[in-house]
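Student: My questions will all concern the structure given below.
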Amino acid sequence: MGNGVKEGSVGLREDAKAVLSTPVSSKADHRQVLSSLLSGALAGALAKTAVAPLDRTKIIFQVSSKRFSAKEAFRVLYYTYLNEGFLSLWRGNSATMVRVVPYAAIQFSAHEEYKRVLGRYYGFRGEALPPWPRLLAGALAGTTAASLTYPLDLVRARMAVTPKEMYSNIFQVFIRISREEGLKTLYHGFTPTMLGVIPYAGLSFFTYETLKGLHREYSGRQQPYPFERMIFGACAGLIGQSASYPLDVVRRRMQTAGVTGHPRASIACTLRTIVREEGAVRGLYKGLSMNWLKGPIAVGISFTTFDLMQILLRRLRS
């Protein structure tokens, strides 16, 4: 009888612990998601603002038939500054912020969640994921974020390649596209975006997480220094953007077809036109050298900011 009472009381205590731990665990999960969203939003905003003039110049070359060179890129930057003023170098950055803040917040938060889900599925709870699930987590995070914020990306591209007189603000871009070209235009170029974001996000997150894992293994330190995170992020950006760059050129050409004089066409037709008119390498990799400059900087800032914000918020909570 004594044993029965003892076992019963132990069972009750365990049940009580399970009931009490559920809301606590749920609350911790919510905090973690909010932390990831906030860190991701700040990371994306800082990274994109830092490279906005280079990004705008790259888009101008991507959507035109101009031949790209470092000298021509500098000339575009210089004449934009002379003719339109210093702040014009950040034209379209407000649209970028409207897009990139939710995009980065969703992407980083989704990546953390996908890592947890895949970790449980593959039995790596609390440990670093093996290569394939790590690659999959990054790809899924990128496609989730891109799917939810795509029209904002199109609006930002339109603002980057048009004069101020054509579109004075973000809302006017949405209104004019809806009236003059139809709502479907807001998703023009969506398919190449999805095809490009899978290798880009997958390889970026995979490279960054892999380099952090190798650093832990060989340095004996759990956390890299900020400058080391920047280097890991730069490598991630370099690899991710190089792998997906031709699709980035195609989607920009499709997004801006209504205002640059290029006919609205499918992915295959746009590819053929670029290759026929400008050549495979010169056309599909136009501006890649500028991306090698701005991409590693942006991704390095982005990953480093996210990690440091996560560490700061964890310390504040504890």
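Placed from the backbone N, Cα and C atoms, the Cβ positions cover glycine too.
As listed in TrEMBL for this protein:
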type	residues	note
REPEAT	31-117	repeat 'Solcar'
REPEAT	129-214	repeat 'Solcar'
REPEAT	224-312	repeat 'Solcar'
Student: Could you give the mean pLDDT over the repeat 'Solcar' (129-214), rounded to a whole number?
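Tutor: When the pLDDT values over the repeat 'Solcar' (129-214) are averaged, the result is 88.
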Student: Which residue counts does DSSP give the repeat 'Solcar' (224-312) for helix, strand and coil?
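Tutor: Residue counts in helix, strand and coil order: 76 helix, 0 strand, 13 coil.
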Student: Taking DSSP states H, G and I as helix and E and B as strand, how many residues of the repeat 'Solcar' (31-117) are helix, strand and coil?
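Tutor: Split by secondary structure, the repeat 'Solcar' (31-117) comes out as 76 helix, 0 strand, 11 coil.
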Student: With helix taken as DSSP H, G or I, strand as E or B and everything else coil, how many residues of the repeat 'Solcar' (129-214) land in each class?
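Tutor: So the repeat 'Solcar' (129-214) is made up of 72 helix, 0 strand, 14 coil.
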